[in-house]
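Written below as structure tokens is the structure these notes are about.
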Amino acid sequence: MGESQSKQESNTRVAQHGSQQDVDPTFQTKRALERERSSPQVEQSFLGQLQSLLGWSSTSKDVPLSQLIREMDHESRRHSHQSKKKLDRSEHISEGTIPEIYEKRKETISHTQSMEQKYLFQNFTKLLLLQKCCPGGSEKLVRESWHPCVPEEGGHMIEIQDLFDPNLDTEKKPQLVIIEGAAGIGKSTLARQVKRAWDEGQLYRDRFQHVFFFSCRELAQCKQLSLAELIAQGQEVPTAPTRQILSRPEKLLFILDGIDEPAWVLEDQNPELCVHWSQAQPVHTLLGSLLGKSILPEASLMLTARTTALQKLVPSLGQPHRVEVLGFSEFERKDYFYKYFAKERNTIIDFNLIGSIPVLLTLCEVPWVCWLLCTCLEKQMQQGEVLSLTSQTTTALCLKYLSLTIPGQHLSTQLRTLCSLAAEGICQRRTLFSKSDLCKQGLAEDAIATFLKIGVLQRQPSSLSYSFAHLCLQEFFAAMSYILEDSEEAHGDMGNDRTVETLVERYGRQNLFEAPTVRFLLGLLNTREMREMENIFACKFPWETKLKLLQSIIGEPFCQPCHLGLFHCLYENQEEELLTETMLCFPLTASGPNHMEATVFQTNVKRLVIQTDMELMVVTFCITFSHVRSLRLKGKGQQEYKLTAPAMVLYRWTPISEASWKVLFSNLKCTRNLEELDLSGNPLSYSAVRSLCTALRQPGCRLKTLWLVDCGLTSRCCSFLASMLSAHSRLAELDLRLNDLGDNGVRQLCEGLRNPACNLSILRLDQASLSEQVITELRALETKNPKLFISSTWMSHMTMPTENTDGEESLTSSKQQQQQSGDKHMEPLGTDDDFWGPSGPVSTEVVDRERNLYRVRLPMAGSYHCPSTGLHFVVTRAVTIEIGFCAWSQFLHETPLQHSHMVAGPLFDIKAEHGAVTAVCLPHFVSLQEGKVDSSLFHVAHFQDHGMVLETPARVEPHFAVLENPSFSPMGVLLRMIPAVGHFIPITSITLIYYRLYLEDITFHLYLVPNDCTIRKAIDEEELKFQFVRINKPPPVDALYVGSRYIVSSSKEVEILPKELELCYRSPRESQLFSEIYVGNIGSGINLQLTDKKYMNLIWEALLKPGDLRPALPRMASAPKDAPALLHFVDQHREQLVARVTSVDPLLDKLHGLVLSEEDYETVRAEATNQDKMRKLFRGSRSWSWDCKDHFYQALKETHPHLIMDLLEKSGGVSVRL
């Protein structure tokens, strides 16, 4: 029984991982070497060194080694058995059947080696897959390196079983799936996994009856094929007659691996001229007809290609599913190492963590590099060397591989020949070579055997052709060939020019720096790597070769500034002089027909989409050599600060690994010009914060401003932050808001702030949850250190509408209103929050703003309604009711309701005297007018001390559910879900528009959310933190559906990020989705629109006029009643402003024409010092109107924001009139 169970486990694991022969092209060589090892102790020693080198620690979670070996043996026997299956020649074969074509095909072309060839990467469980958006067809299939406008959305992560899932917009299953990605990232591996999983009955069996796998590099060897012959090639053994297979074309899947490799043009033939399936035609025409749907239009296709090759490959690909392979996750990198080195049957070693070489681990995101690294380590072990790898680039790793595998310098001549073969193949887009090709090139028989043995070359199973172990390896050898050619004196400058021309002709000007050959070439021109090449080839390279080639490539006029591909090339080169010269000579504002200048808040702010850890590493590495002063890594729900130009914003849709954080922060140790870093919205682990603070302590780090808003920091992280502040860091501004630091964490920060070496001048953190003792400690620190300004999101200066003595509406700070009300714990809310009853409005008071707790005193029996919250109370007598705003997330996530019910309205915590309330109407946002929702599905959830209770309301009205004789606890409306309906529930929604003026630019935030007062309040508070003001515009008239997507557009040319909004419910405590709209000049106004993405019908529009916009000014503090007159903010702080305004001329420029005449402007400017200029300005201000002083205040706020914020915090409010 044990043996049976073992076999069963083996079969299961093999289905997931594949065989060792699939893993490695040098499998047989490895087995021979294993037999040559002297003892198991050698292996044990090696594994111990490996564990030490890579920083792994042991766990008990991985599969035992013995089991893995059994799986490998089983899979090897299974493939051996399959390969021996032959057709019975005595079987009767009719014309056009699969067996006949199968046998005929064997005589003309080698069998497709999709399942038997010794590939590199079949021993991993899964790859990171990003399903991308493809709006409007396939006009732009290639992801641009620079995005003047960031894509509407970055897509979402999927699994292999989701490749053919229905399109979210059309609900149609795709017929074409494009697997794209960088070189060596695992595209072919994924395609083979699909075929293998289907063969073994694990994937897509319900959708496809036949799956055919084709290697396009092998198909390209054929001149002509019929459709029947093509189908025969796609099967390991014949399964059914051709006619029977073609009778259900909708059940067929054709997998075309490496569609971009051959040098062909796939042309669709005229549908009227389509030939019979048994008639041969040129291969490229046959494939072009498949792609163009001229033949088998109902069939499905899966293509794999490098991303850069897609656009010119096929003119039109309809509406494909585009899936980008992003390589290994950090866990899968570790898993790959485990499987690669799991060889000794009696040794069980579980590797859990890779941490000591973050750059190498980031490089290993690419599966091919993983294999390369493992091979190098294994070669070192075989040669008895101490395990050590210091390679920082893929190029250096390839050279290390060569130095470890090439047996001595006597092969240097043959190695040159192999390089020439590789270069010729790259130019001709050939990856398969016949024996005669190798001999014609000058490769000797013994050299070919050696290259096969060491794994540089591999023989195809048919023995008819050879190839490099991987296309990337061929490209590396081609790059070496160009170095060898250009080093010959006979070529001189002409050789350099010819090399560049050859590369441009092969890859195109736009994609030159995306080509691995070019990246390897730049890497080989590194001083250290050229010395390594000299050792390998036993020759000397003139240094002029290096300089001239670099100049030829980087100095070309088509070299695009700040191109992601160029960043990769510069990273491979690693030469500081080249990096500095290149990065500093390119402006950040791109120009030209393909590069529109991108303006965020200003010019010189560029956006770049990065998808992988590798891309993040190379970009941040190059940035440290540039003139970029501000860097933002865009996080989810992140509010943006104004960045100092030149700046760069990086967008990423996938999680960042721990190794990648370490590399990023390591690059900050010497930042040159980088002074601002915004990581807000990105979750930072304990170890990531430690790496960050270590970098900030380095003398070469010049960062002055660090934003860590909403990064998931805890008190545990504060010890590192405090240590960094105490270590002579240059950091002057630190924002830690929306992090749960707690009293203990803030106390640790205070220790760092007290250190005389601390240079911090601005600290922003939340104080609402802090104890009075800690807040007092912070204030004492400010008093002791006048240069330190501690800002808070504590709303002590929140303002509310009141009536001034003239009967006009003014604004009063909540702090002063508390004093005027006679209750220091209460604040009156505005009239929108009043309860309207029999005697008119009843004001609502704030009990605790931070806890969202309010109170209303209803004076008599009757019905009361609050328009703002939607709450109704029917009371029998005077009663005081307390109302708290809650978040569903804190109650629902531990109950089964989250799977069976959807939130249908806000959640309130209501407290009232028992028996005083006879009915309560709880608001909901489900639209009943559509007639699609049964009112019996509504429930009111009570969250009580003893558990949760669902209660059926007495009745359900269009906007609320009525609960009679209620008992109170946290309560709200839920809707029971019906599986057939899913989430397609019509709801009432609202649009919220906020704006902020900065200089001449206007930034709008547009939200589309359910009509939930708690969400609206949370958004209001969040926007207020960043001084955005809400504009009231009508909501959508019709009901909308949760999960639907809407396109945001404008009547003018504006920048909208993202261009789509999804209507979804998010808890008030979560970040809400919004579109950010940048407007340089609003002119007479702009028209904003929301259009249903699926049906393209207009669902909402609003006209924003200049009159809708008012400066985003803080609120005004009321003067005491006995005050003779209300002083404006600028008059209240005249002394401070005269003493502390350090730059008057920009202030005067803003007032010129609005407040100051030409004569006044020149008179003030003529004063000798800033203080004299300010005194002269204030003397003239005595005759200014209140509006003129408002302009003065706004100009001060724009030119001296920190000063104004400091004065606001200390005064508790601002006296301005809107």
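Numbers run from 1 along the shown chain.
Placed from the backbone N, Cα and C atoms, the Cβ positions cover glycine too.
Per Swiss-Prot, compositional bias 'Polar residues' is recorded for 1-29 (among others).
As annotated by Swiss-Prot, compositional bias 'Basic residues' applies to 77-87.
Taken from Swiss-Prot, the feature domain 'NACHT' covers 175-484. Mean model confidence of the domain 'NACHT' (175-484) amounts to 82 (pLDDT, 0 to 100 scale).
Sequence-distant neighbours of GLY181 (ATP binding site) (same chain, 6+ residues apart, CB-CB distance under 8 A): LYS187, ARG306, THR307, GLU324, VAL325, LEU326, GLY327. GLY181 (ATP binding site) falls within a strand segment according to DSSP. What Swiss-Prot lists as ATP binding site is GLY181, ALA182, ALA183, GLY184, ILE185, GLY186, LYS187, SER188, and the listing cites sequence analysis.
What Swiss-Prot lists as repeat 'LRR 2' is 673-693, and the listing cites sequence analysis. Shown for the repeat 'LRR 2' (673-693): DSSP residue counts in helix, strand and coil, namely 8 helix, 3 strand, 10 coil.
The compositional bias 'Polar residues' annotation in Swiss-Prot covers 799-815 (among others).
Residues or ranges marked as domain 'FIIND' in Swiss-Prot: 835-1118.
Look at Swiss-Prot and you will find 1122-1211 tagged as domain 'CARD', backed by sequence analysis.
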Legend entry - Cβ-centroid neighbours of ATP site GLY181, ALA182, ALA183, GLY184, ILE185, GLY186, LYS187, SER188, 8 Å, sequence order: ARG306, VAL325, GLY327, VAL366, PRO367, TRP368
Inset, instruction - State the non-local partners of the repeat 'LRR 2' (673-693) in its own chain: residues 6+ outside its ends, Cβ under 8 Å from one of its Cβ atoms. - result: 623-624, 626-641, 643-644, 647, 656, 658, 661-662, 665-666, 702-713, 716-717, 720-721, 723-724, 735, 1071
Legend entry - Reduced DSSP assignment, SER188 (ATP binding site): helix
Inset, instruction - Count the residues of the domain 'CARD' (1122-1211) that DSSP assigns to helix (H, G, I), to strand (E, B) and to coil, and report the three numbers in that order. - result: 65 helix, 2 strand, 23 coil
Legend entry - Per-residue Cβ crowding (10 Å cut-off), top of binding-site residues ALA182, ALA183, ILE185: ILE185
Inset, instruction - Using the structure shown, find which entry in GLY184, GLY186, LYS187, SER188 (the binding-site residues) has the sparsest Cβ neighbourhood within 10 Å. - result: SER188
